[in-house]
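Worksheet: the structure to be examined is printed underneath.
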């Protein structure tokens, strides 16, 4: 067992805060319309250029274990904000640093950390309620485009393309982002489907940064029953390996030995594979699998028709241009199904909707109809160089996530203004003691920091701008850092999704509370010895596969 380094009290927290400062200083430069890019060295290929806070945060690991513990805690605030709302990662980082630093000063001065936390929680809950009250639902294409533009660092084309994609497939529709093979940026609607089942093992992930499995031009095997043994599948698996194409398995379940064997072969590179459970339950599951079969020009392997896995040929497998699988969802893009067969299936479902008398059945049939006929909008991002394409693709993905958040919970005045004005009612909150009051004051001060940072990144004095805005009673009155003017932020189209602002604050407060209430820190002692490389097992069997 590795020896441990143990630190206590203010010394431990101070070192953690040093790590927090290092990460926050790297991330904060990206905030606002005049935020700067960060260049990140990659282990292979050209460096990555990004203005995405969470990408910067994820790239940072510090040599000092205690400082690194602080940096990793701060990173978790940015990561959580990205997972829940898709944006607001830099705001979460700036807020968390401010809350943690001020909180630690008061703990060092003798304040009770638990009461400080209670005061902070009271204040955060009050601000969340203010954000909900201030939020305004968005309906028009223009408002959707505004959110996309702001979240992509003022790129109007990105905002307009996202609005167009949402118009094509609906606000709840499936929209994916991929790299184009030319200079253009286009929206293309293709045959596709999304269902709410994710990968059965995280070992199927191919993109560890986004924690998704991406399969290009895969075969798709649809099996009605559970898979617990791969022996009957060996002929078809061998054929897939020889084709050098990936395989997606959709079955009632894949368990035990079958799942373990697929994972081993995926890790050893013998078989590019992912497995997901089939969507739905009972008869509806079978119907949805038949929908997928028609969409991908495959066959549902079902014992009702006397079909057996050992007799399945590669001709029975469906195909698609691309499949993306996250922890919760699977998206099939551009299935190779016959257009006429898909149209016939749509008509069949429509007739079932007309005939059914059950509201529940009707709702489920309409869901199937939407999945089969809605299609998938693909945002194809082009550019002059690989670095430019990747940087722009990151911004498109951020903007798309922020736009979805805006559709879900509405929008508020952007540019840090909503958080700044939400701090004013906090002075009226009732508390039990002075320590809780100090916790509220920590939040009041921290809520100024995102706006200050936006202004300072634009080259102005943040403190002066904050003071001027607090004198103004209009909650939408703010500072347009792009044009360096004081404006009504809503009328100027400078808006943020309410969900993004709310999530950033809640995640920041959660991390800061952990830091100020930490009294002891235990980390592995640094070792200069190189770890020996593990021996790799043989890759016997068919074509590098191990069954």
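Quick reminder: no glycine exception, Cβ is built from N, Cα and C everywhere.
When the candidates 186, 196, 496 are compared with the ATP site entry in Swiss-Prot, which names 30, 31, 32, 33, 51, 87, 88, 89, 90, 91, 415, the shared residue is 496. According to Swiss-Prot, the feature region 'Disordered' maps to residues 527-547, out of the candidate ranges 506-526, 527-547. Of all Cβ atoms in the protein chains displayed, 33 besides its own lie within 10 Å of the Cβ of residue 88 (ATP binding site). Cβ-based neighbour count (10 Å, all protein chains) for residue 415 (ATP binding site) stands at 26.
Around residue 51 (ATP binding site), the same-chain residues at least 6 positions away in sequence with a Cβ under 8 Å from its Cβ are 30, 35, 36, 37, 38, 153, 391, 394, 395. Between the binding-site residues 30, 90, the minimum number of other C-beta atoms within 10 Å of a residue's C-beta occurs at 30.
Shown in sequence order, 415, 453, 454, 455, 457, 458, 481 are the residues of the chain, 6+ apart in sequence, with a C-beta less than 8 angstroms from the C-beta of residue 32 (ATP binding site).
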